[in-house]
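S.K.: Submitted below is the structure of interest, expressed as structure tokens.
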Amino acid sequence: MLVANYSSDSEEQENSQSPNIQPLLHTENLAPAVVDNVKDDLIVSKGGNSRELARNVPVNEMVQPALGPANPFVTKEQDSIKNSITGYAEREYVPNFVFNQEYYANTHAIYGKRNFDDNEATTSTDLKRKSQKIKERREDPGDPSILEGDGAYKGPWAGYGSEQSSSPLEYSEYEEVESLDVKSEKDTESNNLGQNELLKEQLATPEVETHRSKEETILHKDRLFDYQNRSYMHVPNDVGINLSEEPGEQTCYIPKKHIFTWKGHTKGISCLRFFPISGHLLLSGSMDNQIKIWEVYHDRSLLRTFQGHARPIRDLSFSQDGRSFLSTSFDKTIKLWDTELGKCLNCFNSDRLTNCVKFQVDPDKPNEFLAGTADKRILQFDIRSPDIVQAYDHHLGGINSITFLENGKRFVTTSDDSSMRFWEYGTPVPIKFVADIAMHSMPRVALRPNGKSIACQSLDNCIYVYSAYEKYRQNKKKVFKGYSCSGYSLEVGFSPDGRFVFSGDSSGNACFWDWKTCKLMAKLPAHSGPVQSMAFHPQETSKVATSSIVDGSIKYWD
């Protein structure tokens, strides 16, 4: 019988003498050998051409001296590498938009916290304090048992004290008046007045001061009427051309030479307007605050001067029959003048700077006109009343131009907000809004004689064309280039037959384009400065008047 785990003594002896044999395992290290140079890591490259770092180097290593031992007698800031007094400055090219965004984001940290108005709350504590002050100024609601007399019941209809009756605008003006002592020092008579009377007198003057001048006129002829009792308003019949025809029936050409110069203004001329239909008179407004009317035929002399504005003339507009015209100036007034007698018939004071003015072209509304102001509004007036009839206020910037469409039923306006809006006349809501991120401000707009297109002078040195009816879309096939406006508001217009487009140049050139091909046909060196105003004669084939804002001369071309 076999016993489990049975073994003899001889077998144990053999097992003790045999060696313990184990298999050999060969392991391999696949990582490459890396030399850990601790000293090399502590050394910072100080090469003059080195612009890159392979690791994040501490600041104390970056600013330590390149060579030599450390100086124990200087501070850490003095021992650093600097190319200026305060530190190390490097040249960096940053766009203006990015710089302004970063700079003005920390304006409050540079200039401190702005001063808030008394009526403006900044924190929740200020809101509570403000509401408490309002409650303290609240009048006594009274006794419910008393209906009339002293102590009568007012309830929730009780008013506030005298402090609350002042508007926030008056508070802000009061603070501004207290900080300004220039006028009181110059005026010796104001020192005799009481402080309260002086403040009332200064607060009574509006922030936008309107300058009103006395209207005068000067006739530069011996007499107004001739032997047949005709004034210069009479359309001449002895000039070799019928001036009573409808403009545009003639074939127009580009002028080639300078034939005459009108001189009389002492400063630059801002606008030119030919007499409607006949064009036998030329109206000019200048930076010398004067308006002059010139004779286009015969001796081409100065006929009359209109004086009544305290600031330079901004825009002019003839009425439909030409017997009167509107003028707007930087003195924030709009005046209606009699073309023949030179009298000021009416003055429309809007207390705002008016950039443009335009008479209504609808024959049924000859007494109405529109004015575009710098405070984003278009005002509608009637010459028989100085009050505002209607206001259009959807623009976000100052109004630059007003152009009537579809025989006065609609009109289009352009603004500093780089947008164009189409309106129904009499309705203060735009029917079409044109704006794009690539659009620039378009300060001048002109309607083509056929009434189907408008040309817009853009500040990106191009003239764009839009349809003047139905959907009012841009005609992208027609873009007129080849001139530079340099930010100036330069006149743009059409020849009477619509064949050519003209505009001024910032270099003093008068530019002409072909309407069909959009090709620049001619550049006439007209003036030494920007040609701000140009006017094509409504009856002649190739006569154009030009003026500049740098000289007081009007040049006539043929």
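In case you wondered, yes, glycine gets a Cβ from its N, Cα and C as well.
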S.K.: Would you mind telling me which of 1-23, 70-92 Swiss-Prot tags as region 'Disordered'?
M.R.: 1-23
S.K.: With a Cβ cut-off under 8 Å, give me the same-chain residues at least six positions beyond the ends of the repeat 'WD 7' (526-558) that come close to it.
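M.R.: Counting only partners 6 or more residues beyond its ends, the repeat 'WD 7' (526-558) has Cβ contacts under 8 Å with 241-243, 245, 247, 250-274, 276-279, 282, 284, 286-288, 294, 296, 300, 485-486, 488-491, 493-496, 502-510.
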S.K.: On the DSSP side of things, how many residues of the repeat 'WD 3' (351-391) fall into helix, strand and coil, could you say?
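M.R.: Summed over the repeat 'WD 3' (351-391), the classes give 0 helix, 24 strand, 17 coil.
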